[in-house]
Every structure is written in structure tokens, then in C-alpha cells.
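Scroll down for the structure; my scribbles are underneath it.
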Amino acid sequence: LLTGLDIERCDLDIMRNSSSHHTELYGEERLIVRRGHFTLICLRKKYLEGVPTESGTKVSFGLRDSTVDSEWSASATNDPSGNTVSVSISSSPNAPIGVYSLTLDQGGQKTSLGQFILLFNAWCSRDAVYMRSETKRQEYVLAQYGQIYRGTYRRIKGKPWNFGQFEPGVLDICLKILDENPKCISDADKDCSGRRNPIYVTRVLSAMINSNDDRGVLVGNWGEVLDGVHPGTWIGSGDILRQWAESGPVRYGQCWVFAALACTVSRALGIPCRVVTNFQSAHDTNGNLMIEKLYDERGKRMSNADSIWNFHVWVDSWMTRPDLGPEFDGWQASDPTPQEKSEGVFCCGPSSLKAIREGDLTKKYDAPFIFAEVNADVVDLVCLSNGETVKFRDSTDSNYVGCFISTKAVGSDERHDITHQYKYPEGTAECTDTHVTPNHTLKWILNIKLAKNMSVGSDFEVYTVLTNNCLEARTCTFLFFAEAVSYNGKLGNSCGFVSDKVEVPSGEERRLFLRLDYDRYGSVITSDRLIKLSAIAIDKQVAEYHKAEKTIVLDEPDIEIELLGEATVNQSVTAELTLWNPLPKSLQDCSFTVEGVGLTNGKPITARIGTVDPEQEAKARVKFSPTSAGSRVLLANFDSNNLKNIKSSINVVVKE
């Protein structure tokens, strides 16, 4: 190789490098590679230097006969024409991720060759995020669309979400999130060096997705929304991230929005990630692995800090755990929803699923809190007027914590149950859950029966059955409550109550009916459309309290989406959206919003349609121009004053 020649041109060969590094979805405007190997073509090069900053993020390396796969290295070969030299550069599989500048040093004369972005590499066996299965890499790194599961464990429903990690500008925003975290602000060199470690990056993201301690992305709101965007309105991450980059923390989000954002950012940076829903999720505020629910003598719930959420959503990220040992490699749970502080900051994880399943609560990070979410024991206590407490005798499995833990299946929209990855089956020798199954020798047996049609806007009847399991007739006070409830377990106002004092012969039953009218429940339910039913029997002869509970999800109307014509790249196509108003009242401020990767140019499109009368159709047409060919997904959301959080999606095949 010759020395001392001027460089006329440097070709980073973006198309070929993007293809070999699975980064072509980011576009062809700049070079984005994963920790591993890439090639650039330019004139004679004697000495190469990569310079992002100091503290382990600056590296110099000379030319070799061939590259090595364990550290930064470079080799060069002459083009047969003699006019160019091909330089192959291999990055360290342990290099910090981020933006790098590449400099050529010819005996002290330095020439800038350009910049590139280095990401984690799930395709590299030496990378901490290496994932062996190609189908899983496609799902957990490259998939831009997913399903997030919500509802109750008796009625699980997937909601579509647009992760959009490859949409224009999103990767830059993800790197900006890292740059604006407090650790980077206080010590940039140390923080940038720490970005070689997916454990460190995941923990930073857990703190930065929420805005409780910093200028993080999203503000949480579990109450009435008087400003900002209702959490149920969002259908994708891109719009939230862009708003944050422009004007700071975005209002508002709840757990599934926090988790979806964390998944988008993790996948954008190259960390395999999945969104996980835990049904009957315990929130243990004092770390005693016990959820204590307190009631007064009339059976009414008293407020206290512990709670059980109908569902809670977080993320699992795939990585090795050299800090814990190889037996703890694999999926790691982290939770960006601000619930409790960890090391003085609202963040949670990453915590090894294997440690959680084995009950090894000494392993970093936050294993006791996540263990409690899926395993905590539940005690229902009645506070008597004399200061004593007695336990409820529960006739149902309503206190069963951590069930039907769900994520989207690889390669399909089906629900994949991963409960076994978090805990051993109930009743096995390995099971660390101390929950006691229902006692079938109870003196009283309570059951709650539901109506077949329980759609929002309808009137329906439910009832509870009380059975005397004693050998003699008994008398008790029989109560049946219906209350609005948020998905996080917070009780709202009453929407129905009935009571009776009944004498029940041995082996016989009594029923208590409760009619739920929309005029009564419509004004008190949240956008989650949940109603909690509680049946209580009080046997004062023996000072026993019995309870049964069920949470019902009111059925919602469907959004019908029809594509009017074929979808073709760069040609306008119209989607018609229709929703039937099931309420006996008008809907105000109605709108449809659609969004889709490769369909709507990275931004949601909203059609506002005003007022929709009772039992009438809300209808709108939305035009969009697809930007890329292939199989795509169009997501839709309906919003109004009295009916929110209605979502649907259709598959769209875009032709060239």
C-alpha cells in the first residue's frame, strides 16, 4: 500500500453494509451498523482512528493483514484498478453503542471520513444480546408492530401497537434519551462508556421513559385527564417520541404506553425486547411480599397503599448477566412505569426471570418487587370496631396473583402464555408462591354469575349465589356491591348495591340479583370499562366473613376498517372507518386516528367527525400514501367524550 496520497472520496458503502447488518430499515441516508463488521471503500489508508469521546469510547487501531472479531481492528486490500483501497473494519462486540466519528491518520495528518452509528448486535455470538433464533430476532428486534394484552384474566384482549423503531428520526431520539439521562449529565464520559453494557442501558431507559426524576419522556396519569392526551388514545410510539424531542415530557401515559415506548427504544438500539402483561399484578409498597386488603365491618374496602392491578404491563429484554452468572442469562424484566423508587430513582430492573422463578431475591435489580408482582400472598382483613381484625374466607380464586402472563407470539398475533417462565406451576414442589387455594370446607359458598350480554351502553343483570355448607340452618347478612374500578385496582363510585338478611337451610342456596343500568354505571366507569362485583356474607353467630369477587370488562363496539382500492407505493388510497354508537346518548368530539409503518409516513392521521347520535354510525374516510411495498398493518383508534380507547387494525399489502 502506498502512503501520503490525498483522499478524493470516501464511500461508506451504506447499502451493502446496511444489508449485512440488518439495518436497511433505518434508511440509506447514513451508515448504521451493529457491533461486528463493516466495509468502507476509499483511497490509501495507513492508520484509522475511531473517536466518539474518551473514557473507553475512543479507540485507535492500525491496519492488519486481517481483522479480528474480539476487538477493534482494520485490514486493507488494493482494488485491482489501483485507484482505491478497500478497508474492512471490525468493531469490538463490547464497544459502547452510539454515534462514532471515523478519522484517517496518515503520519499525523488526520482526515475525517464521516460518522456512523453503532448498535447492539443480536446476530453476533460475542455480543451480550446475542439471540440464537433468527425467527426470534425478527420478532424481538426487527418487528415494528405488536399486540399488547389488556382486560382481565378471564377476558384477555390484545390491542395493536405501532412500535415504529425504524421510522425516520426515531433512532436519533432514542440516542437523545440516553444523552439526557441524569447520569450522562453528571458524568458524560462514564455514562458513554457504560453504554457498552445492555444491563446499564436498560436500567437507564427504565428511568428515562418516565419523567418522575428527570426530563424523561412520559408523564403518568391514572386519574381524570383535563389536559394533554388521554393514555388510551395513543396507538404508536413515534408520535410520543417526536413530541418529547420537540417540547419535553409528554402528557399522558399509563403502564402499557410506558412499556411500549421502552420496547421501541430497546429495539431501536438493538436490544431484543418484548412487551409483557401480568394479570392480577400485585403492587407491594412495603416489600413484605404481602398484599393486605382492609375492609370495614359492613364489607366496604378501606384505602391502603397495597393493591392488585387487573393487569400490569412491562418489558423483558434479552441479554447475558455476567454480574450474576451464566445461569441468569436470558430474559430480564424491567418496568418503566413509575411505581416505587430503586436506588433513589423511579426505575425497576433489569431482573433475571430465572432469579424471579427460583425466588432468588438477592439478585440485582429489584427482584423482590417483581417477584411480589407475580407471587405475593393476599390477605383480606375485616377491621372490627373493637380494634381486632379477622380474615375473610374467600370462596373464589380472586386473590390469585400473577396469572396468564402474556406476550405476543413469535411470528403471529396469537397470545403466548409465558407464566411458566416467571413461576413454577401452582402446587408443585418448586413453587415459591405461598397462596393458599380455596378451602372447600367453608361453611358458606359464594359464587357470582354474569349475564351473557354485557356490552357498554346496555342494561343487564348479574346475581350471586349463597350456599349453606353447614349441617344446620344458618342466618347471615347478604351483600352484593358493584363499583367502577380502574385497571390498577383503584375503586371508583358505586353503580349498584343490594342487601338482604337471609336464613338458609342446610345444603340449600339463596340468590341475590343486581341490575346494572347504563344510566347508573355510564357516568362512573373509566375508559377501561371495568366494573368490580363483590358478594359478601356475614355470619355474626360465629363472626365469619365470606367474600367472592369478579371484575367484568364491558364489551366494546368494533371499528370496521375497509380499504377502498389497492394500496400502491406513492399512490393515494382511502380507508373507510365505521363504528356503531352503542350508547343511549350522543357522542361528542368524535374522531378516528390511523397510523401504520410504511403507510402514513411515520405520523398519525386524524379525521374529526363531531357528534354521533345514539345507535348511529360514526363514519370517516382517511387518505394516505404508502411509502414502501410489502405486508403492512394499519392501526385505528376511535375517540370521543364518552367512548374512548377503541382500537382495531387490518393487514395491508402494498404493491410496487
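Keep in mind that glycine also has a Cβ here, set from the backbone N, Cα and C atoms.
TrEMBL does not curate its annotations; it predicts them automatically.
Remember, predicted model here, so these are calculated numbers, not experimental data.
What TrEMBL annotates here:
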ACT_SITE  CYS255  active site
ACT_SITE  HIS312  active site
ACT_SITE  ASP335  active site
DOMAIN    247-338  domain 'Transglutaminase-like'
- Note on the structure: CYS255 (active site) sits from ASP335 (active site) (Cα to Cα, rounded, in Å) at a distance of 9
- Item | Residues satisfying Cβ distance under 8 Å from HIS312 (active site), sequence separation of at least 6 | CYS255, THR277, ASN278, SER281, HIS283, THR337, GLU373, ASN488
- Per 10 Å Cβ neighbour count, which of the active-site residues CYS255, ASP335 ranks highest? ASP335
- Message: Across the domain 'Transglutaminase-like' (247-338), what are the DSSP residue counts per state (helix, strand, coil)?
- Response: 19 helix, 41 strand, 32 coil
- Integer average pLDDT (0 to 100) for the domain 'Transglutaminase-like' (247-338): 93
